[in-house]
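Let me begin by presenting the structure, written as structure tokens, before commenting on it.
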Amino acid sequence: MSHELQLLLGLLALASSLAIATDPTQLQDFCVADNTSNIFVNWFVCKDPDLVNENDFLFRGLNQPGNTANQLGSKVTPVFVTQLPGLNTLGISLARIDFAPYGLIPPHTHPRASEILVVIQGTLAVGFVASNNPDNKLFTKVLNEGDVFVFPQGLIHFQLNTGNTNAVSISALSSQNPGVITIANAVFGSKPPISPYILEKAFQLDEKTVDLLQAKFWMNNN
């Protein structure tokens, strides 16, 4: 194989990997999600364009506060493709996050999206943790109204209201369906449960503590 052909194949492989690294790009003006379809693909199939109307691109109510009366003191109001079908194939979404005083969005990841957050009201302590190499470094900052912070795709991050008044933020995400994995829920609340022996070994805990953690109710505030 010639050097030129090897280079061409390498470039094609790189282009292909970049092409599938994010949400699929639309091949037409829009592909409104057909949430009634029984066909399963890697994104929602398109609604018949002749049946599409303005309401498929509209979401109302983001001005309404979420109910934070829960054990975390927070509520996420998502505007993902399941709530706004017109987002299908566009690779973007949005969420409003409401915080009661000292409310928390616990450590979690978005496996398919980066997140950029702006504080609308209040003060938030936010942060993310880098991967194992190097050193699981914590990047953290206290944000005030109007401040913007970005969380890279797939990294564990959190948001905490540090004030004694309510707080509100808006997040934009680089996927129509970013997904969320809340660390405590996934580790200690999985169904069926992870073997206690594995958790004892991984977290250097005794069996009684693991049993206690697995017996807790792990809340999903999305």
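Backbone N, Cα and C atoms are what each Cβ position is placed from, and that goes for glycine too.
Keep in mind that this is a model prediction, so the values were computed, not measured.
Residue density at HIS110 (Mn(2+) binding site): 23 other Cβ atoms are found within 10 A of its Cβ, drawing on all protein chains shown. Among the features that TrEMBL reports, Mn(2+) binding site is placed at HIS108, HIS110, GLU115, HIS157.
What TrEMBL lists as oxalate binding site is HIS110, GLU115.
Cβ neighbours of CYS46 (disulfide bond) (same chain, under 8 Å, six or more residues apart in sequence): CYS31, VAL32, ALA33, ASP34, ASN88. According to TrEMBL, the disulfide bond annotation covers CYS31-CYS46.
Taken from TrEMBL, the feature domain 'Cupin type-1' applies to 60-211.
Residues annotated as signal peptide in TrEMBL: 1-21.
Excluding HIS108, HIS110, GLU115, HIS157, which define the Mn(2+) site, the same chain contributes THR109, ALA113, PHE128, PHE151, LEU155, ILE156, PRO178, VAL180 within 8 Å (Cβ to the Cβ centroid), listed in sequence order. Taking the Cβ of GLU115 (Mn(2+) binding site) as reference, residues of its chain lying under 8 Å away and at least six apart in sequence are, in sequence order, VAL150, PHE151, HIS157, SER171, ALA172, LEU173, SER174, PRO178. The most densely surrounded of the binding-site residues HIS108, HIS157, judged by C-beta neighbours within 10 angstroms, is HIS157.
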